[in-house]
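The annotation transmembrane segment is assigned in TrEMBL to 12-33, 54-70, 90-109, 157-182, 194-213, 254-275, 287-315, 356-383, 395-421, 427-448, 455-475, 495-517 (among others).
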Amino acid sequence: MSSSLLTQGDGYGIVVGLGTFFAIGMVAATFCLKRYLGEAIDSSEGFSTAHRRVKTGLIASAVVSSWTWASTLFQSSSIAYSYGISGPFWYASGATIQIILFCVIAIELKRRAPFAHTFLEVVHARYGPIVHMVYIIFCLSTNILVTLMLLTGGSAIVHALSGMHIAAACFLLPLGTIIYTMFGGIKATFLTDYVHTVVVLIIILYFVFSTYITSPLLGSPSVVYDLLVNASQMHPVKGNEKGSYLTMRSKEGAMFFIISIIGNFGTIFLDNGYYNKAIAASPVSVLPGYILGGIACFAVPFVAATTMGLAAVALENNPVFPSYPNRLSPADVTAGLALPIAAVTLLGKAGAVATLIMVFMAVTSAMSAQLIAVSSIITYDFYKTYSNREASGKTLIYVSRVSVVAFGFIMSAWSTGLYYININMGYLYLLMGIIISSAVIPAALTLLWNRQSKWAACLSPPLGLACSITAWLVTTKVKYGTITVKTTGSNTSMLVGNIVALCSPIIFVPILSWIFYDIVPYNFKSMKEIKHDNEDLKNTSNLTSEQIEDDVNLLTRNLKIARIIAIVLTLCLIILWPWPMYGTAYVFSKRFFTGWVIAGIIWIFISIFIVGIYPLVEGYQSIIFVIKKMFKDLITCGKYTPEDKEIYGATTEINEKSMEDSRIVFF
């Protein structure tokens, strides 16, 4: 495939070219933030929290971007290829409800600890250093696993499409991201998240229209349906109702659904990147940002997999299919190659280029969030907490930048090593819940329950980890008789390990909280004592006590709404929608399948509005203001006129107006 369509030169050109473009673009955007809007980009608060005033639209787009890993697009399509029409839904639903539920945690974090920089600071404030170190290990493990999935999955796709060496792809894919994150901090990641997410959604639409409207090979839902019916007869899906690709009744798909739910609780509730976004959000934007982000997230894997995963099944009996007359190998499926192979079959070189751009966008946008998450942990939870409590803002920003570079290159090397021992994206996706999910419930209860004791929070995660690994390996040994990468990667073994990981703290936490109980319930005051960094910059913002109180009151009101919305949407996505269809064993008719596809297309357009158009509408004043100032600079050759303000030639009227609206600006 790579030799006939894309050369290594094409691969290097796209990866390096796009990386350079975004690095230069975001460094320039960072300069504009400082010059025209007076943003203190050289402050540690600005680098790590964006001064806690990011608007709803950018929060939603950042949530979608952080969640759109390589696995979101490529693994979901492989699941559709393996299990049929149910696969896209199981993947999307199993990874969306956590974002919707996380809005409750996000509001509690901003309400309990208005000036926190990381979730782990909150853990330290409540429990002290021992528990703090336990959660540092679990949170860093989460960031490492997510980053490895990004790079192993992305590099495998780049290699398959262009022949670029895996090691080169692992190092070059994140290079531009490392550069612009190092210079611009979390604000640069918000801006690139927006651009990357919009590009990914446009490419998904390109694939949708090609598959269901314009392609001479497919061209309509009716043709795709007929080919899926034929595929069900030629190679029925084991565990599916009547072996059909067109039913929600899929035994293996349902098992994957449970594994996905459990694993994604860990990758969201323990990923400091999501807490970073909550911290950076304006108080008024937390609830709508995460709810809208969750709604938009669902459409990404649902539509991508319903389109490309099913297209791969429909096309594999066509002589133009790359592996014809054979089906895709299990190794290709777990590596996430169903989508790129379908794209190449449908669109030729244009499909390969579009897929390569999509890989770059998915990997680098989510990678930037991981870089900021890890740099925040190293800066605030290691350096400031245990090495230099009185560190200045300049010192902290220096540590953050060093951390970004170090983590980026270490992960590149690590992911290269995984390639040589045959550990791929699919395996890591199933494994992550076993490793990290035992800390999910204790972490959430840190903000939600004042009766969780210090030792319950400390001991539950490692005890749950020990139980989950034991259950995983024992199940593998009993069922298959041997422990290998292949046998440990089975759905049954992974399912047992994931369930034990998430559910064991339900037993450990109350028992340990009863044995090692706190005489006085925790009052959350120590969380509020977390302070701003020591800064000496004119254009950093400080809130008054009245403003803080207003924010807390707003968040408290929104908390009740968040709980209701989170519960209702969660019940709809994981119970009311899928399980009646599973229980009835309904096999889709052609008419129902067409409606299902149309519903997905409508949903992806809603997602484009949420993450593409809404941020522009919300921030148009700032955008127009910056464009005017840039034009004025061009006319005056960058010389300030008397009416310009003192700070970096920027005016502050627009910031002041935004402050009145909720102390937020678009940029």
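Note: Cβ is positioned from N, Cα and C throughout, glycine not excepted.
Keep in mind that TrEMBL annotations are predicted by a computer and have not been checked by a curator.
Here the listed stretches are 54-70, 254-275, 356-383, and the one with the most C-beta pairs under 8 angstroms to the transmembrane segment (495-517) is 254-275. With Cβ pairs under 8 Å as the measure, the transmembrane segment (194-213) is packed most heavily against 54-70, out of 54-70, 254-275, 395-421. Count of Cβ pairs under 8 Å against the transmembrane segment (254-275): among 90-109, 157-182, 395-421, 427-448, the largest is for 90-109. Among residues of the same chain six or more beyond the transmembrane segment (455-475), those with a C-beta under 8 A of the stretch's C-beta atoms are 123, 127, 130-131, 134-135, 138, 434-435, 437-439, 441-442, 445-446, 483, 488, 492-494, 496-498, 500-501, 504-505, 508-513, 515-516. Within the same chain, residues 71, 75, 104-105, 108-109, 112, 119, 122-123, 126-127, 134-135, 138, 141-142, 145-146, 148-149, 152, 259-260, 262-267, 269-270, 334, 418, 456-457, 460-465, 467-469, 472, 485, 489, 491, 494, 497-498, 501-502, 504-506, 509 sit at least 6 positions outside the transmembrane segment (427-448) and bring their C-beta atoms closer than 8 Å to a C-beta of that stretch. Using a Cβ-Cβ cut-off under 8 Å and counting only residues 6 or more beyond its ends in the same chain, the transmembrane segment (395-421) has close neighbours at 42-44, 47-48, 144, 147-148, 151-152, 155-156, 166-167, 170-171, 174-175, 177-178, 181-182, 185, 367, 370-372, 374-376, 378-380, 383-384, 388, 428, 533. Contact count against the transmembrane segment (287-315) (Cβ pairs under 8 Å) is highest for 54-70, out of 12-33, 54-70, 157-182, 356-383.
Using a Cβ-Cβ cut-off under 8 Å and counting only residues 6 or more beyond its ends in the same chain, the transmembrane segment (12-33) has close neighbours at 39, 41, 158, 162, 164, 168-169, 172-173, 175-177, 179-180, 183-184, 187-188, 191-192, 195, 353, 356-357, 360, 364, 626, 630, 667. For the transmembrane segment (54-70), the residues of the chain that approach it from at least six positions outside its boundaries are 95, 99, 146, 149-150, 153-154, 157, 189-194, 196-198, 200, 268, 271, 273-274, 277, 280-282, 284-286, 288-290, 292-294, 296-297, 300, 336, 359, 362-363, 365-366, 369, 425, 607, 610-612, 614-619, 664-666, judged by C-beta separation under 8 angstroms.
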